[in-house]
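Record features, source Swiss-Prot:
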- ASP50, SER51, ASP89, LYS119: 3-methyl-2-oxobutanoate binding site (BINDING)
- ASP50, ASP89, GLU121: Mg(2+) binding site (BINDING)
- GLU187: active site, proton acceptor (ACT_SITE)
Amino acid sequence: MSGIDAKKIRTRHFREAKVNGQKVSVLTSYDALSARIFDEAGVDMLLVGDSAANVVLGRDTTLSITLDEMIVLAKAVTIATKRALVVVDLPFGTYEVSPNQAVESAIRVMRETGAAAVKIEGGVEIAQTIRRIVDAGIPVVGHIGYTPQSEHSLGGHVVQGRGASSGKLIADARALEQAGAFAVVLEMVPAEAAREVTEDLSITTIGIGAGNGTDGQVLVWQDAFGLNRGKKPRFVREYATLGDSLHDAAQAYIADIHAGTFPGEAESF
């Protein structure tokens, strides 16, 4: 069952969950059907991530997805969600130019989608921008460690926060908390470093490839439930094999058509 006991989850419930030692659950969602299922299952937060560029639109990188595309997906998720807190990524190119640009992008997301918060990547360097968004009345989730929008400057998909760089991870996390973020995603960082950050902060930490010491976990649902039949990251645990099930179902459908057994009497008027 969910770690948060509420009919409608608000940002304050995440801080309360941390104080009470309750773990929180997060899944990505990009459409109404998956959002409804995950919401009814009891997930605490639904993240409309820019990972939609990969798992929905078939692109190689998250850098290409636009704010307009994110808004279309987020609208579908919020329409279907009654309980979970819906958070929407600000995609690459929508907040880096200036804090004013970031506030305008965040306002569009909130006004046009009905989401409860936005997520933004970056550490100390983005703290002022986060403060401006928060001051505009918009809740923010931060994202540090491996940040996919910075994949080229980081040298690819590599673990962050090892050795001496663990100090930067803590500094980034503190900066986001001081800027007003109510939660922060820690992606692909050593478990011990993530645990130290979690113990240092009063806001919620959400891990992805960051060990079991964070306040919660997030996975891309197509990875977690096996819709993606390709290679998956090491940190993914597969809870179902939906890709294989859909493949087999499609083959059965095709076979019934070729055999002339579908539709039958039960499916006819």
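Note that Cβ sites are derived from N, Cα and C of the backbone, with glycine treated the same way.
Known features from Swiss-Prot, placed on the structure.
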| residue | record | DSSP class |
| --- | --- | --- |
| ASP50 | 3-methyl-2-oxobutanoate binding site | coil |
| ASP89 | 3-methyl-2-oxobutanoate binding site | strand |
| LYS119 | 3-methyl-2-oxobutanoate binding site | strand |
| GLU187 | active site, proton acceptor | strand |
Could you measure between SER51 (3-methyl-2-oxobutanoate binding site) and GLU187 (active site, proton acceptor) for me? Cα positions, answer in whole angstrom. 13
Cα separation, GLU187 (active site, proton acceptor) to LYS119 (3-methyl-2-oxobutanoate binding site) (Å, whole number): 13
Using a 10 Å cut-off, grab the number of neighbouring Cβ atoms around the Cβ of SER51 (3-methyl-2-oxobutanoate binding site), all chains included. 19
Recorded 3-methyl-2-oxobutanoate site residues ASP50, SER51, ASP89, LYS119, farthest C-alpha pair in Å: 12
Going by C-beta under 8 A and a gap of 6 or more residues, the same-chain neighbours of GLU121 (Mg(2+) binding site) are GLY142, HIS143, ILE144, THR147, PRO148, GLN149, SER150
Whole-number Å distance separating the Cα atoms of ASP50 (3-methyl-2-oxobutanoate binding site) and the residue listed as 'active site, proton acceptor' is 14
Which of these recorded positions has the least crowded Cβ, counting other Cβ atoms within 10 Å: ASP50, ASP89, GLU187? GLU187
